[in-house]
Every structure is written in C-alpha cells, then in structure tokens.
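Participant: Below is one structure. I have some questions about it.
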Amino acid sequence: MNTLDWCILFGTLLSIVLYGTWKTRGNKNIDGYLKGDNSMRWWMMGVSIMATQASAITFLSTPGQAIEDGMRFLQFYFGLPIAMVIISITMVPIYYKLKVFTAYEYLESRFDLKTRLLAAILFLILRGLSAGITLFAPALVLSTILGWPTPFTTMLIGGFVIIYVTAGGTKAVSLTQRQQMAVIMGGMILAGILAYTMLPKQVSFTDTVKLAGSLGRMNIINTEFNLNDRYNIWSGLIAGTFLFLSYFGTDQSQVSRYLTGTSITESRLGLIFNGLLKIPMQFMILFIGVLVFVFYLFNQPPVFHNVVLKERAMQTPQGRQLQAYEQQYDVLYAEKRQSVDRLVEAIHHDDDAQVNVLKEEVKGLEARERVLRDSVRATIATAVPGAKVQDRDYIFLNFVLQHLPNGIIGLLLAVIFSAAMSSMAGELNALASTTTVDIYKRSLKAEASAKHYLRASQGFTVLWALLAMVFAMLATFAENLIQFVNIVGSLFYGTILGIFLTAFYLKRVQANAVFWAAIIAEGVVLFCYYSFREEIAFLLYNVIGCGVVIILSLIFQVFAKRTHSA
Amino acid sequence: MSPTTPDRPPVFKHWRTWYWLVLGVLAIQILVYSWLTRLFL
C-alpha cells in the first residue's frame, strides 16, 4: 500500500459518507427517516436491495469459495427469482394496502399483538447477530492485512455508517448504496480483468476456462439429489426459494428497501430488477474467483493465505516445522507447475487422452497440497492458540495486495469497506425501524410527537450499531463467515416465513394457533440443528421451520375449534 | 406511497408477462450453466 492507495481508499469512503450525510440531512419525522417519504424509483430500490444483500463477506468469501470449491455455490441463488415473483404477487400489494412501516405490523392486523412481537423479536435476534458478523468479517480481515487492531477497523466501519444513517435515515442508505455498488462492481470487474491479463501469454481465455473446468472449478450445476449436499440445483430451487421468500418477504432489512418506493409499480420493478440481475452478478464474482484460481496455477500462492498470522507463528517454536512445510510446498508447487504447463499444451493440441491423464495428475498434486495446507493450519493453531486458521476469506484480498498495481489496491479495499458499510447501513435502518415501530411505539410509548419518534429511531440506530460493534469485537468463532451468516438465517427464517405464509394463505387459522405453532417450530429447528447438524443441509431448516408452523397451525386450529364448539 | 397511482406495469400489458420473463430468464440461465458445466468438466 502506498500514498496513492490511501488517498483512493479514504477519498472514496469520505466522499460517499459526506455526500450521503449532506444530501439527506433534515428529516423531520419517522416517515421521512424510515421510509424516505416514499420517493424512491425502481432502479434505486433494485440497487439498494442488491447492496443490502451483498455484504463485504460476499466479496471476501465468494471468490475464495470458487477457488477452493468451484462455482457450485451459484446454485444457492436459483430460488431468488422465484421468490421475487411470489413476493411481487402476494406480499407487496398487502404491505402497500396496509401502509405499514414494517412487515410485522401486518401480523397484528391479521393475528394479534403477541404474534407481531414474536416475529419482530425473532427478526431482531437474527438480524442483530448478522449485523455483528457483517461488521466482524471485513474488520477482522482488514485488521490482519493492514496491521491495525481489530477494534479500530470495527469502529472505523461502524463509525462511518453511524454518521450517515443517523443523519439521513433510509434515504441516506439508498443514496450511498448507489455509489457503493458502483465502486464495488467497478473494482471487482477490474480485479477480474487484471487477473486474466496477468496470465502467461500462451494461455487464452478458452484455455483458462478449460483449465478451470478440467480441475473441477466449472462445476456450476449439480443435478444429483442429495440431502447432505449443501449446493445442488434442487436445494437451490426448493430450499433456496424458501430462504429468499423469508429474507425478501419478511426480513425488515429488505422489506424496508422496497417500501420506500413511490408506488407499488416501482416496488415490483425493483424486485424484478433484483430477480434478473442477482444470479449474473454472483456468477461474475465466482468467475473472478476462478480467474484467480487459474492465476495461482502459474504463480505460486502462499501456503497459508493469512500471511500476517503465519509470520506470527514463525516466531514461535513451531516456526521450524512451518519452514519445513514451506520447503515441501515449494517442491510440490514446482512439480504442479510442470504438470499444468503440460496440461495447457495438451489442451492446445486437443489431445483428450493426454488431457485426462494430466488433469488427474494435477488433481493428485492438489490433493497432496491440501494435506500439506491442513498440516500448516494445525501447526499454526498450536503455535498461536485461539487464532482463526481458516484462511479462505483471505485468499482474494491477499491476491489483491500481492499482485495488483498500486491505486487498484486502494480501490479494492474501498470495495470491501463499501460493501461492509452498505449492508450494515440497511441492517441498522431495519433494526431501528422494527425497534421503534413494533416495540417502542406500539408497546412502550404510544403517544408522542413526530420529533420524539424521529429521535428514538436515531437513538436505536446508534444503539444497534454499538451492539453490532461489541458483538463483532467478541466474535471469533465462525470458520467460514458467509456460511455462518446463512446458517443463522436458516435457523430463524423458516419460522418467520411459516407465520407469514399462514397469515397470507390459511385464512381460517387464528392468532393462538399460529403463535404456539411458531414457538414449537423454532424449538424443532434448533433441536434438529444441535442433533442432526451433519445429516441435514442448513438450507433445509427453512423448509422444516416453515412446514412445522403451517402444519401445527392447522392442527391447533382444528383443536381450538372443537374445544370452542364443545 | 400514493394510493391514487395506478399499478400499471411498464412495457408490457400485464404483470404476469414480467413474471414469466423473470422465470424464463432463470430457466435460460440454468440451461446455459448446465451446458457450460458439461462443456468444461
């Protein structure tokens, strides 16, 4: 990092924060603060929806996921367009008709206050935890890479977000998300192009994709039905639809994005925009990961991508062992590089038999490399007790810092900070609106001035931001961050979705039946998670939670009717 | 939110055309990705 990088990084971040704060200052009530006076156009909402979902974890973890596991993670998003269509048809008209601030307000008009509070509290737990992780991931990675203390990077990101979200509310969130998405997409595309241009001249684009494919990284679609498999087309289409229905239909961080529209038409178009563009965007991020994977076939990657942690471990008695591993790794890489060169030649000559032999040879060497890396991780874990030895989230950023030119490094770091800020801003805005509207205004202080509620919303924004920062500083447990966020989501979303689907489609079911069904369903999901974690893919918890709520609601309603009749 | 604003989709006559477009694009993407997977495996 040189002066140019620092100027680009802080110039980008400060200009976004100052512009967002200045442009959206002067809210007078919670209508403006929480719903942006319903002034958003469809494309602004579409960008805002995508920016809220795409956190820094997306840009740190996803390329690493493609490098290690290939592109099959893309299937996770196949349920998203289906969910967008269902939400546009069913949920958007209801929310608009009732003129709600939060999705949970609808539950009171359909059921009762306790069901509204239950859903709101489940959301606050889920989103509060996720906000901490959303902040923790980039704070940790950036602190390690830049050599700054984690609390400092946490407070830096959190502090920036507090300034503009508290000042401008939902308008500031949407406005800054537009600029942040422009920085993010521009930076990522540039990184992908540079990764490709740095490949040896004899390796064409087709060779690049063929190489990645022969080594199992173009495994986009898997049609095999397997309940244990996290990412296949069926889990994506079925369980993914449930997850995204919950996330976009019932999670206030997303509902608040499309309730800011000037009309129902704008909200529907915003969701359709997301349904059309989300999968290509994820494809692009994963493909950048594939390009970096091919780049590392021709350029030796570090044996452990968290270079700073490895250097710390080198200073301990385990340092010698690590040095020995590094030497073994150098030899192994040299051997692999020769096989890769021969594989490229075989691809050039369309020699399928030789390609098959060589790709198995390279795969064998990759397997040996994995064993060696596992040994390195174990040694570092012994050398630095309590350190996070999963280095997948560092692969992409390490590539940026080691191989991209100055200026671009600053831009790519701005990408990570921007992504962290944009998703955290959306989450904080939703946490503040749910706390203010569903809990504070509804149950604690029903009669107060517009200014009072505005101040309360701003206060809750700061409070949730501080909680997220504290949680981020304490969190050190998640091995793979993007997966952890999705697991936390799956544990709660199914139940919340079950409540909403019962409300929408099972008109006979009354409040008590759905309330107790939801309590039991959440218990069942948590029990399944603790008892059958290995047997059940996490996406299926959405289906389980939702199914249990619906079935038990129906059963309880039948019993309630009989008791009432008797 | 303006309740008087009519909910008319742009470009197409009905919203369902937009919905089929989204689902159609999803189907095409799955077909293309399946083809890419087979082509480069």
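Heads up, the Cβ atoms here are built off N, Cα and C, so glycines get one too.
Quick paste from TrEMBL:
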TRANSMEM  A:6-22  transmembrane segment
TRANSMEM  A:42-62  transmembrane segment
TRANSMEM  A:74-96  transmembrane segment
TRANSMEM  A:117-142  transmembrane segment
TRANSMEM  A:148-169  transmembrane segment
TRANSMEM  A:181-199  transmembrane segment
TRANSMEM  A:231-250  transmembrane segment
TRANSMEM  A:271-298  transmembrane segment
TRANSMEM  A:453-478  transmembrane segment
TRANSMEM  A:484-506  transmembrane segment
TRANSMEM  A:513-532  transmembrane segment
TRANSMEM  A:538-560  transmembrane segment
Participant: Is the transmembrane segment (A:453-478) close to the transmembrane segment (A:117-142), in the sense of at least 3 CB pairs under 8 angstroms with a sequence gap of 6 or more?
Facilitator: yes
Participant: What stretch of A:42-62, A:148-169, A:181-199, A:231-250, A:271-298 shows the most Cβ pairs under 8 Å to the transmembrane segment (A:484-506)?
Facilitator: A:231-250
Participant: Which range out of A:231-250, A:271-298, A:453-478 gives the transmembrane segment (A:148-169) the most CB pairs under 8 Å?
Facilitator: A:453-478
Participant: Could you give the residue numbers and ranges of same-chain residues that sit at least 6 residues beyond the transmembrane segment (A:231-250) on either side and whose C-beta is under 8 angstroms from one of its C-beta atoms?
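Facilitator: Non-local partners: 49, 53, 72-73, 75-80, 82-84, 86-87, 90-91, 103, 119, 123, 221-225, 271, 274, 486, 489-490, 493-494, 496-497, 499-500, 537, 539-540, 542-543, 546.
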